[in-house]
Structures are given as structure tokens and as C-alpha cells.
Amino acid sequence: MVSNKNLLPIIYIFFIILYFGDVAKSQYFPLDKGATCQKYRGDSPGIQLCDGFLSNPNSIYINSTSSQEAIQAQGNLVRQYINFYKSFESCKNPRTFALLCAFLFPECEKYTDPVSKVTYAYPILPCYNNCLNMTTSCQISTSRLSCATKYTFENISYSVFPKNTTTYQIDSLSYTNTCENTDLIANSQNTSIQQCFEPLVYHVSTDEIHDKSIGYIFPSTNTTCVVGCPAPLYYANQWRNIYRLSDVLSILSCILTLFLVITLGIINPKVSRFDKINVMLLSSIFLQAFSGALMTFNGTENTLCPEDGRFASYIDRMCVATGFLLHGSSLLVVQWWCVLSFEVWFTIFQVGKKQKDRFIYYLVASLIIAWIPPIVSISKNEYSGGPANPFCWLTTFNYRRFAFWLPMGIFLCLGGVFLILLMREIYVIVSGNVQSTKESRFKVLKMEAKPIISLIMYFSCLLYLFIYDQWINNHMHVYTDSIPSYALCLLTSTSTNDCLLKAPDITGLGYFIYSIRVFGVYAFIIYGISKKTLQIWKYNYFVVFIGQKIEQFTNATTTAKSSNSNNSSTTNNISVKASSNMEYETRQENENGDSQSVELDSNSDAL
């Protein structure tokens, strides 16, 4: 962490030596006839300095050897130090900043020599009493900063902070001007004080340990600024892209897995042993995706950053709910993936033998193993957001290790073993010499092709999640060690938005999000786009019933249109043939009666 004790002298040096030396030189006009009166250029974006704290921003004094940009950079540094540290809390008031700005950019006036007709620019310096009040409120001792400091040049001493007036030596003449009372500026301005520069957020802590536990992150000790949320690990647009990726995949996986659960588990007329396992795997994936969908509906950034400058913690219900759900469902996913890998391998290995239905044992064991760790974690207030987390997760590494990665790693290894055994069986099938056994096993292999593909796809995602998390934990010191450099960047950079902590590559984090949210999409590609799914929906009772209703409605509409057409034609015929005799009408009725008899006979045969 950055030491406040080491930084305090720097501030005083800036006040007394670095900038005072420049400005002191500039007030002796025989030495600086190139000084000018300029209009204040305005503060740097996101960094409040002197906007609203100048008596006359349209006319400020700038000497010939300096520039507004250079002076502003020094002023920003002093202002950053004052804002950053709690030791200067009493300095954060309009009077301090009015004095600072009157010193950095003194009001400029012009004087024209009546003899030489040369116009000179000269500054109106802040008064001694204003400086004295500032050192008192900031609790700065006179040994570090004396308001009686004088600058001597060519055997003439000038006060940096004049008590009443300043005499300017202009050629052979002298010109006297009253000092500027900066308290009048402070009392008349309505500008609110920017306590911390972005991306830091102002927060006065009375109990830093408690504040850290509820989501505040302090970049240094003895500071009133906390790290903004989202954390400055990536740029704002990069965080938005990460959140957008998570939202889209969560909603998509949620919808697709819900469709598959309904298809294979509810409307499926013949639920097989593998269908039961797949339904449980898909239900687990649905819960996993639903945890992300909850964040989406609540606003992902709002969930992870419930307050400005505070990351989500155990006191935020939505964060806790999504973390708890993600924890349990992820353990369910890896368990049912392991069960599926075992069942596929064992079915091919024991081809021709009747398999027992072990579903109820799998169900009871998986529920116990999956939900005990989350229950323990939630009782210990372990779920929270964090600087690098795109979702709410376990806070401490030990809980992540024993409550999640230990069971996850065990089932990942077991599933990997079954996957290797499955590959061996495939090799045996391909290279086997016994034709009958080869044909029967190849038939089973063809039937289990999709479960095999799904196992490989799930395994690749789960393995990446495991490797990435372990790598992050092993390199955490890289990010924490970058905090002092980050704090220094905030204090010295002209654009604080360019200051970032060291972070994992954004591509790796993006693929991490992809891997944890994409399971539902993979499942739909494998099981949703299939002949079996089409057949289940095609012959489903409700689909058939709705289809019949639509067909009846279509037929009725067609018949009605045909009847209307016939009636219209008959009406036209009557009007045209109104003079026809009764013999013709009788003959038409007889012909109609014969045709109706034929139609009835045909319907009877069909029935």
C-alpha cells in the first residue's frame, strides 16, 4: 500500500518549492516581460481543480516560461493528494481550494507604462491571512509550510503571501496592488466539492474492517476514497461487453434447457433410463442458467454494484441468491455429467446385458452432495461479488477450494476416467475382429453418439473453468501488488480513466463466462435439434389436439367460403333465369337428390 507518511512531504514540497519558485520568478516584471493575461482553459475531464474557484477566470496570470497545462498538472497532483488521504479531511473545503487556485492561477491585471507605453501583466497574489487560515484548518505546521515565506531576487525580498499589498518594480517605476482575499471567493461560490476523482468514490469509514466485509475496497490506508464498481481492471466498455455476454448466454441457455426438460421429461411418452439422467442434467443446467437470468432481470451491474463504490456482499439478497443457486447447480451439473459418462461407458461395456435402473440412488446422492456445501457457505456469509467477478461467488479461497473445487475436481476426475474408458471401448469396437460383437457394439455406439459428444463438450468447459480459477488464485499477488502503482497513477495522471490495475486478459475472462453459461446451448444443439425431439412434439397429445382444432377451423372456413360462393352464384342464376318454367326446376331438384344419395353412400363406405 502507498504510505501516507511518505507522501505528506511531497505535498509541502509542491507548495513551497516546485510551484512557488516558478510563480515567484514570474512576479518580477523586469525579468518577465512576456507574461500574459489568459482565459482559464477549464478543468481536465473528471478532475475538479479551479472551475468555480477563480475570482476572474477570464483573466489569469501566466508567465512566459510556463503554460496553463503545466501549472494545471501540478495543481491536479496537489488536489489529488488532498482528496486521497484522510489526513487532509479538514482541508476539503472551499477556502482551501480557493486559495490553491488563487495561487496557481492568480487574477491578472495589466499596467501600461506612461513613459514607454509598454503594457505589463502582473498577478494579484492571495493574502497572508488566507494562507494562515488554510494551514490552521489543514493542521500543517509552520516548519513545513510558512505563510511568511519570502522570495529574494537581486537583493529585494517579496512576500509570497502579502499581508496587505504587493509592490511591483516596473522599469523605473513602482506599482502597488492590494492582495486578493480568497475567502470572498469561497463564500460566494456554489460549486460542490469533488471529494474523489474518478474512478474512486468518496467514502468516510468509521470501521474500515466492517466496510471491507460489506464490499468496500480501499486502495490505501488512511484514505477517504474507495475503488469504484466495476473495478478498474478493465475499461467501462469492456465490462459492458462481459455483462452483455453473460446476459445473452444466460437467457438463451435458460430458454433452451427449459424446452428440453419439457420435451424429454414431461411430454415424452417413453422416458428411458438415459432420458431420466439427461433430464436431471438439463434441469441442473437450467438452474445454473437461471442464476444468470436473475442477475439479468435485476440488472447485472446493479446486482454486482448495488451502491456506488461498493461491491455486492452478503448483505445483498439478490447477490446471495444467485451465488447460492450457481454454487449448488454447478455441483449438480458435474455430478450428472459424471453419471452420464459412467452410464454410457457401462452400457457399451456390458452390451447385451440387462442394465439396472440406478436413477433413484443417483438422485438422492447428488442432491445431498450438491446442496450441503452451499448451505454451509450461506450460513457463513460467503457469497459476494468482487473486483474480478462477473457474478456473485464464494468470497474466500478456502471455501472455494473445499466447498466447490474439491467435489468438482473429484467428479471431474471420475468423469474423465469414464471418458477414457469410453474411448477405449470405441477403439475396441473399431479394431475388433469378432463380427457379431463388433456389429452389436457399433449399433450401441451409434445410439450413444450424442451422449458421447455431449460428454466431451461438457468436459472441455468444466476443465477450463477449473484451470482458469486455479490460475487466477495462484496469480492473485500480481493484481494486489499493482495497487500502489495504480494509486500513484491516480495521483499523477492527467486522465484517471487511463489508470488500470493489472488484470487477467479480457479474452480469458470472456471465455470463462462463455464456459459457465453455454451449457444450455450445447445441450440444445445435441438433443434439441434431433429426430427424437421432432417425433415427441409431432405425436404429442396437445400438439395433435391443437393441430386438429386448427384443421377443423381451416376446413370450416373453407366450407363457409365455398357456401357463400355457391349462394352468390345461385342468386345470380335466379335473377338471370327468373322466367324459367316449373318443369326445369323440378328436374334440377331430382338431380340434386340423386347426387346427395351417392355422397351419403360414399361416406358410409368410408366409415
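Cβ from N, Cα, C; glycine included.
Per Swiss-Prot, the feature disulfide bond maps to Cys37-Cys108 (among others); the stated evidence is sequence analysis. In three-state terms derived from DSSP, Cys37 (disulfide bond) belongs to an extended strand segment. Less than 8 angstroms from the CB of Cys37 (disulfide bond) sit Ser59, Ile60, Tyr61, Ile62, Cys108, Glu109, Lys110, Ala121, each of them six or more residues away in the same chain.
Summarising the annotation, Swiss-Prot assigns disulfide bond to Cys50-Cys101 (among others) and lists sequence analysis as the type of evidence. Listed in sequence order, Tyr40, Asp43, Pro57, Gly75, Phe97, Leu100, Cys101, Leu104, Phe105 are the same-chain residues six or more apart from Cys50 (disulfide bond) with CB atoms under 8 A from its CB.
The number of other CB atoms found within 10 A of the CB of Cys127 (disulfide bond), across every protein chain shown, is 25. Marked as disulfide bond by Swiss-Prot on the basis of sequence analysis: Cys127-Cys179 (among others).
The region 'Disordered' feature in Swiss-Prot is assigned to 559-607.
Residues or ranges marked as topological domain 'Cytoplasmic' by Swiss-Prot: 269-276 (among others). With a threshold of 8 Å between CB atoms, the same-chain residues lying at least 6 positions outside the topological domain 'Cytoplasmic' (269-276) that come near it are 340, 343-344, 355, 357, 359, 451, 536, 539-540.
Look at Swiss-Prot and you will find 352-358 (among others) tagged as topological domain 'Cytoplasmic', backed by sequence analysis.
Annotation comment: Swiss-Prot describes 423-451 (among others) as topological domain 'Cytoplasmic'.
Annotation comment: Swiss-Prot describes 530-607 (among others) as topological domain 'Cytoplasmic', evidence class sequence analysis.
Per Swiss-Prot, the feature transmembrane segment maps to 248-268 (among others); the stated evidence is sequence analysis.
Sequence annotations record features per position, and here Swiss-Prot assigns transmembrane segment to 277-297 (among others) based on sequence analysis.
With a threshold of 8 Å between CB atoms, the same-chain residues lying at least 6 positions outside the transmembrane segment (331-351) that come near it are 273-274, 277-278, 280-281, 283-285, 287-288, 362, 365-367, 369-371, 373-374, 404, 407-408, 411-412, 414-415, 418-419, 421-422, 425, 429, 437, 440-441, 444-445, 448, 451-452, 454-455, 458-459, 462, 519. The annotation transmembrane segment is assigned in Swiss-Prot to 331-351 (among others) on the grounds of sequence analysis.
With a cut-off of 8 Å between Cβ atoms, the residues of this chain six or more beyond the transmembrane segment (359-379) that come close are 273, 276-277, 280, 320, 324, 327-329, 331-332, 335-336, 339, 394, 399, 403-404, 407. Residues annotated as transmembrane segment in Swiss-Prot: 359-379 (among others).
A Cβ distance under 8 Å defines the sequence-distant neighbours of the transmembrane segment (402-422), meaning residues of its chain 6+ beyond its ends; these are 327, 330-331, 334-335, 337-338, 341-342, 344-345, 348-349, 369, 373-374, 376-377, 382, 394, 452, 455-456, 459, 462-463, 466, 469-470. Among the features that Swiss-Prot reports, transmembrane segment is placed at 402-422 (among others), with the record citing sequence analysis.
According to Swiss-Prot, the transmembrane segment annotation covers 452-472 (among others). Residues 333-334, 337, 340-341, 344, 388, 400, 405, 408-409, 412, 415-416, 419, 422, 426, 445, 504, 508, 511-512, 515-516, 518-519, 522-523, 526-527 of the same chain lie 6+ residues outside the transmembrane segment (452-472) yet bring a C-beta within less than 8 angstroms of a C-beta in it.
Feature annotation from Swiss-Prot assigns transmembrane segment to 509-529 (among others); the stated evidence is sequence analysis.
With DSSP classes pooled into helix, strand and coil, the tally for the topological domain 'Cytoplasmic' (269-276) is 4 helix, 0 strand, 4 coil.
Here the disulfide-bonded residues are Cys101, Cys108, Cys179, and the one with the most other Cβ atoms within 10 Å of its Cβ is Cys101.
Under DSSP, residues within the topological domain 'Cytoplasmic' (352-358) fall into helix, strand and coil as 0 helix, 0 strand, 7 coil.
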